[in-house]
Amino acid sequence: MDALPGTPQIQNIIPTSFFGTNAWAAPWLGLIGSLFIIIFGLLWLERQRRKAQARGEGYGTDLQNEPQTPDDIDLPHPLIAIAPLLLVGVLNLLFTHWIPQWYGASHELTLPGLAKPVVTEVGKITAIWAVQAALLSGIVLVLVCGYRNIRGRLAEGSRTAVGGAILAAMNTASEYGFGAVIAALPGFLVLSKALAAIPNPLLNEAISVTVLAGITGSASGGMSIALAAMSETFVAAAHAANIPLEVLHRVAAMASGGMDTLPHNGAVITLLAITGLSHRQAYGGIFAITVIKSLAVLFVIATFYVTGIV
């Protein structure tokens, strides 16, 4: 979600506005963190599979929201399914380099009724524009390649997609609003000061982001609040310790995916609603993966201090 360099997830985009970085910040650390999560995640899943097999468990019964796959469905070639993902990644990288060349350091937009043009610092929004352009290109490719299969089910598919998007958006928005209320309370200042007392810049940032993500129940909400309140402190501490801002970006992005998976998290609630499972049935697995994800952040921080790799 947030470790792999170039991922279009919002958790990888938010830090760009605070640190002047892009979605490809600290690529080697991101790849190392991704490998850590993949390896230990698969090892844990294999352990769970063997335990389930020993108990005689299979695919499962009495499943809810199980999609029905028609027997006569004509599936496209697997490479076509992968192509949009590859296109998004490649175009995200290209647009990240092209947009500053096209627009320069700033962009002026003149609108009727405004006394003066709206000036935008291109460097702060390059990552956002690049991701949006790449995702739109991926959508167009899906429509072009799958038009024959999509056109007969366009209305039905659109209703399902819109319904799922609204469910996810409402869950996440409610948790984001909850986080904003928490940030406005006097106790938040006490928490902020306590977190600021952590001496190590990267550990300070990682703990601050993940704690606030846990309080708000939202990775993006917790990260936004943490960086809005403390990004200048993080940057000053990083400069004093000769830590590149790219490392701050990657640590913040990865740390946001730690305690944000507490039971009240919007994404967790959405996941359980879609799969038809309860917290009691599924949260143990979510918690285990969260522990692996949190350890990956510490591993990346340790890797940077030991090797200096970015």
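Every residue, even glycine, has its Cβ placed from backbone N, Cα and C.
According to TrEMBL, the transmembrane segment annotation covers 25-45, 79-99, 127-150, 206-229, 282-306.
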**Message:** Test of understanding: applying the rule of at least three C-beta pairs under 8 Å (pairs 6 or more apart in sequence), is the transmembrane segment (25-45) touching the transmembrane segment (79-99)?
**Reply:** no
**Message:** Please identify the stretch among 127-150, 206-229, 282-306 with the greatest number of Cβ pairs below 8 Å relative to the transmembrane segment (25-45).
**Reply:** 282-306
